[in-house]
């Protein structure tokens, strides 16, 4: 059937459905009975009627009766008759007495009274229809007041049927009527749930909803097959009217992803019939499973906004570019299907939400075809990571690189002698991550402008591959610091401006710094020495050694070489070292940690004397006891491999909560879990984490036990209990005994990087060697003594290349890249033309 005919038939059915709620002139009227006896004698079993008992009609009640007459026309479509019963003056029965006459309305089914309504609640047609249907649909529409009531209903429905959850600010409104009329039609298909509690609406929303407006969400409980699995929710984005509810439920009932095996021009779905676009994800046999998951991810994001179909190129012959991976079909008559090349799922979502995006993408593709050189360069940037989007978005913004010296094969060796410390960024101008780091690097240059003894420089390895090979640069980007007569230090941390600046400043000072006097040691612990780091507030570590602890001192020096640039380390081994250590109640060899500018100094014995043990101990001791989790520091705590006891807060936590959690964290040495907290205002990604756990944002503050490394179970601390050390310990004992039920369980699917080269956690945490402080370092990484005197020992510094083998499932993780066509994979290895220095 042609799309136009399909749309016409669907619209006709829709209008027939809605006609039941549109009153027809003269089709019904208010019935009148001469007396109560006459009314009750005429009641029939199974028939429903709404009765008003009145002794007489005063002129002031005329507007009220006009509303009653209008409601009679509307209620007749639902099998409800509206009757006005005249009460004789001498009748003082229950219904005609002074307390009830015209002050109440009575709903009967047969001769059985169902509900009494005060007439002041029936103030117009909407309120009358809404309240009557609410009473009749007692089983179809549940009313809830608390989040626990709502969750109980969800738990009953999981795996069985879906739920429609509606919030109205007050009963008797037009929105209340719309929900009741929809429930009359769909109540046997979906469970309807209604609330007027603003607190419940806020508890089920991840943002701050407008409680003065009505809201409706479709809860996909039928797909939640596990008890701990939350019901996904799709909100109605349009105003809450009967037509919009009907449209929303029709869309929710459509297949999530439509599998297509014919020409897209002939395809018609309920989305097109209701005026919404249809997105085609183009796939092929080799990547079908990965593309199917991608299509499902996109479909969930666009639910209610557009339809999604999966089209296999192997089944349909398309006369379009082979690199096209997405097609868009609009409901507009005569509009051709647009075939596009998109980088990731975010672009697909933007494509639907921003109508100008199609035109913009087509213009960009046209520019690529006109400029072949630009096309080659752009192909180099096809990578499955959000970094590409950021770089592409800002590619026309000129970076302030004046403070960064450009190094070439001619000036590299001579430039290294111009400053005490020379920082070199090795990058590739065609690679997206390199360009993103170059942006941070330019900010570092501005931040460190005027710092004595520091020179920032860069080498474009695309233009000078021989120089980068000579310096053993095997991945991009790489940052190294060169000093006269010392081994170069390679940076392995986060690429943010603050982290890079800290690394460069710390690398200026020897690690460990040898202190000559007791006064220097005390000033070092207070953060006053050396002067280069007096404004740099970091925890200071001081190793104290006697003449009899030379083995431990040598291991400490080796550990300092490994941690150079990342840790502020000092060393004191003068004759009065014993007096210094005794001041802090330890004996050499010992480690002193000074936090908060020396206001708190902890002393601990260095019992293990191997380099690797010392490095691990120092890294562990530098971690905060009760840290605030942020995006930069999260990897450090994940690498511990321990469960998280994490407190989610909408802002700073209270002093009482902080004190109790700190007591818990300090309670036992080498704690078996990480006690931490997350500020959702500073780290809003926490909202997404909570929605992953519970589908909605629960009330805050919220304490959770999350074991990411074993089972992925999430346990919620009882909200009715106060957050104290004793309550938490008691709760943890129940967890250990298996007496608690997890609130949710995370997917067992590995969260792998899309490509081996994007495994940044592995790059940040290289294995600690036993003998050499810098794995892979060769004499070529030392500052050269003469411009031509050093050569690269390529064989001695060989590094294992990351495997390029990956399955279609691994490269097609939902929500990241669109991998529907093979040429996009090959484009990553395609060499473009050499282009000029940035």
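Quick reminder: no glycine exception, Cβ is built from N, Cα and C everywhere.
The feature compositional bias 'Acidic residues' is assigned by TrEMBL to 363-375. Among the features that TrEMBL reports, compositional bias 'Basic and acidic residues' is placed at 826-838. Here TrEMBL flags 31-133 as domain 'TXNDC16 N-terminal'. Summarising the annotation, TrEMBL assigns domain 'TXNDC16 second thioredoxin-like' to 134-255. Sequence annotations record features per position, and here TrEMBL assigns domain 'TXNDC16 third thioredoxin-like' to 256-347. Per TrEMBL, domain 'Thioredoxin' is recorded for 404-504. Under the heading region 'Disordered', TrEMBL lists 359-387, 767-838. Residues or ranges marked as signal peptide in TrEMBL: 1-27.
Counting residues per DSSP class in helix, strand and coil order gives 36 helix, 30 strand, 37 coil for the domain 'TXNDC16 N-terminal' (31-133). Secondary structure counts, DSSP: the domain 'TXNDC16 second thioredoxin-like' (134-255) has 48 helix, 23 strand, 51 coil.
Secondary structure by DSSP for the domain 'TXNDC16 third thioredoxin-like' (256-347): 27 helix, 23 strand, 42 coil. Note: the domain 'Thioredoxin' (404-504) comprises 34 helix, 25 strand, 42 coil (DSSP; helix = H, G, I, strand = E, B).
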